[in-house]
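As written in TrEMBL, here are the features:
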- S187, N219, L284: Na(+) binding site (BINDING)
- C36-C45: disulfide bond (DISULFID)
- 7-24: transmembrane segment (TRANSMEM)
- 104-125: transmembrane segment (TRANSMEM)
- 137-164: transmembrane segment (TRANSMEM)
- 184-201: transmembrane segment (TRANSMEM)
- 213-238: transmembrane segment (TRANSMEM)
- 272-293: transmembrane segment (TRANSMEM)
- 314-340: transmembrane segment (TRANSMEM)
- 346-366: transmembrane segment (TRANSMEM)
- 386-409: transmembrane segment (TRANSMEM)
- 421-446: transmembrane segment (TRANSMEM)
Amino acid sequence: MMVVSTYIGIYYNVVICIAFYYFFSSMTHVLPWAYCNNPWNSPDCAGVLDASNLTNGSQPATLPSNLSHLLNRTLQRTSPSEEYWRLYVLKLSNDIGNFGEVRLPLLGCLGVSWVVVFLCLIRGVKSSGKVVYFTATFPYVVLTILFVRGVTLEGAFTGIMYYLTPQWDKILEAKVWGDAASQIFYSLGCAWGGLITMASYNKFHNNCYRDSVIISITNCATSVYAGFVIFSILGFMANHLGVDVSRVADHGPGLAFVAYPEALTLLPISPLWSLLFFFMLILLGLGTQFCLLETLVTAIVDEVGNEWILQKKTYVTLGVAVAGFLLGIPLTSQAGIYWLLLMDNYAASFSLVVISCIMCVSIMYIYGHRNYFQDIQMMLGFPPPFFFQICWRFVSPAIIFFILIFTVIQYRPITYNHYQYPGWAVAIGFLMALSSVICIPLYALFQLCRTDGDTLLQRLKNATKPSRDWGPALLEHRTGRYAPTIPPSPEDGLEVQPLHPDKAQIPVVGSNGSSRLQDSRI
């Protein structure tokens with residue numbers, strides 16, 4: 001989980017830095033991606049606004065009939081927002097191996113995003129918990145503002161109907177189910193380690209059952225709500241151009257930084273809507289990034305566990321932030337978007353599914369479902385509902401396993417627009433995916449070698465048993481089968497103080513802080 005969180009933390013802040021760049025670029029009278037009369041535009045650029053309207057602000061103009069005919073006739077329209085993204089912001093190179101130059105504006109924004117993350121985490125969950133109140137709630141305000149504006153536009157209903165109409169022919173494609181699973185893993189933070197990290201700061205008897213239900217429902221409802229916001233404005237844009245919604249819709253970075261920004265240029269006072277939209281993306285990204293960084297810092301501090309590192313946790317946070325910034329520099333080069341998508345598709349997609357499947361099987365069938373259910377009852381005061389027990393034991397592992405199998409069967413190499421990734425780049429992607437999963441069998445072999453036993457079978461049995469000091473960190477919570485049979489002594493390892501002193505006192509504010517307008521997975 002730490003390896004996965006490291007990969008995601010590196011490239012996710014690059015996405016945030018691009019959102020920062022667009023946010024700063026929106027502080028102008030006319031959005032720079034509204035027209036085709038800029039130095040970076042090519043002769044093939046075809047804007048949705050009349051060039052003569054440039055002097056009249058950013059009000060939408062009637063599309064000339066010849067341009068409308070052109071847009072209806074070709075699928076290869078090069079929009080000013082696309083050229084701004086590709087030729088100006090990224091200065092995209094022609095190959096993943098051609099790094100070119102580092103884009104200094106993006107590098108500066110990357111520094112800003114890491115500084116913001118560090119300052120919000122400078123006191124650990126004491127500071128991030130307060131910040132999350134804002135980063136987790138204000139995006140709903142922006143979403144509502146954009147929703148009200150979107151549904152009042154002409155053509156919004158067409159876009160919403162496109163969003164709500166199922167495409168049944170896609171239901172048999174494994175990629176659709178794989179993407180859906182990845183989306184849930186991203187939005188809920190499953191197998192990232194963030195949920196375990198933040199939950200470790202909760203009180204022992206916190207009602208995590210209630211929290212999990214609330215967070216799951218809220219997360220999915222937010223994703224649905226965000227879809228209405230996005231497709232209402234995309235429907236307006238499609239109506240303005242006289243084309244189908246599918247022609248203006250996009251996915252991944254193309255939706256957040258090409259299609260939607262272009263649609264915003266059609267609105268009156270377009271810079272205002274652009275500022276709100278990218279400010280929302282920044283807050284959504286920061287909420288996730290807080291959790292990723294806190295996961296790495298907490299894991300390092302807890303693993304070392306001595307008094308010095310507990311007192312110097314701020315320096316550990318600074319060190320992780322600086323390392324993340326340095327490792328993110330190549331992603332701000334001209335080939336950076338290729339590497340970002342490679343990490344997104346391999347380093348933290350396939351791995352999450354594998355880790356989650358192994359985690360379900362390990363807890364239910366090696367640690368034992370009865371032990372697990374008793375642990376939950378000891379903390380909550382009641383056993384987990386029967387529905388959850390069935391899901392954990394049978395349904396969830398089976399679904400994850402079949403998604404994994406079908407994803408492998410219908411695997412297709414990664415592409416970006418019309419660019420085909422070379423074989424060596426795909427190999428690097430698989431190595432990144434393998435680097436996190438391989439930790440599981442390697443550590444299992446390590447434990448097997450250091451466990452007592454005369455035979456391999458005896459070693460295996462001993463290695464799959466909990467250690468003697470396994471159980472609640474505080475002596476007062478050790479009840480039932482964890483109750484000490486003799487008075488505790490320092491040699492027993494039953495410390496009254498937990499490994500991390502803050503964790504006995506500070507309730508968790510949220511899980512991974514991410515909502516899901518995110519498919520970027522924003």
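Cβ atoms are placed via backbone N, Cα and C, with glycine included.
Curation plays no part in TrEMBL annotations; they are all automatic predictions.
Structure coloured by features recorded in TrEMBL.
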residue: C36; record: disulfide bond; Cβ neighbours (10 Å): 21
residue: C45; record: disulfide bond; Cβ neighbours (10 Å): 19
residue: S187; record: Na(+) binding site; Cβ neighbours (10 Å): 24
residue: N219; record: Na(+) binding site; Cβ neighbours (10 Å): 19
residue: L284; record: Na(+) binding site; Cβ neighbours (10 Å): 29
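Between the C-alpha atoms of C45 (disulfide bond) and L284 (Na(+) binding site), the distance comes to 32 Å. Here the transmembrane segment (104-125) has long-range neighbours at 13-14, 16-18, 20-21, 24, 89, 131, 198, 201, 286, 289-290, 293-294, 297-298, 313-314, 317-318, 321-322, 324-325, 328-329, 332, 336, 502, 506, 508-509, meaning same-chain residues at least 6 beyond its ends whose C-beta is under 8 angstroms from one of its own. Distance noted between the C-alpha atoms of N219 (Na(+) binding site) and C36 (disulfide bond) is 39 Å. Taking CA atoms as the reference points, S187 (Na(+) binding site) and C36 (disulfide bond) are 36 Å apart. Here the transmembrane segment (346-366) touches the transmembrane segment (184-201). Their Cβ atoms form 3 or more pairs under 8 Å, with each pair 6 or more residues apart. Counting only the Cα atoms, the space from L284 (Na(+) binding site) to C36 (disulfide bond) is about 31 angstrom. Recorded stretches compared: 137-164, 213-238, 272-293; the one with the most Cβ pairs under 8 Å to the transmembrane segment (184-201) is 272-293.
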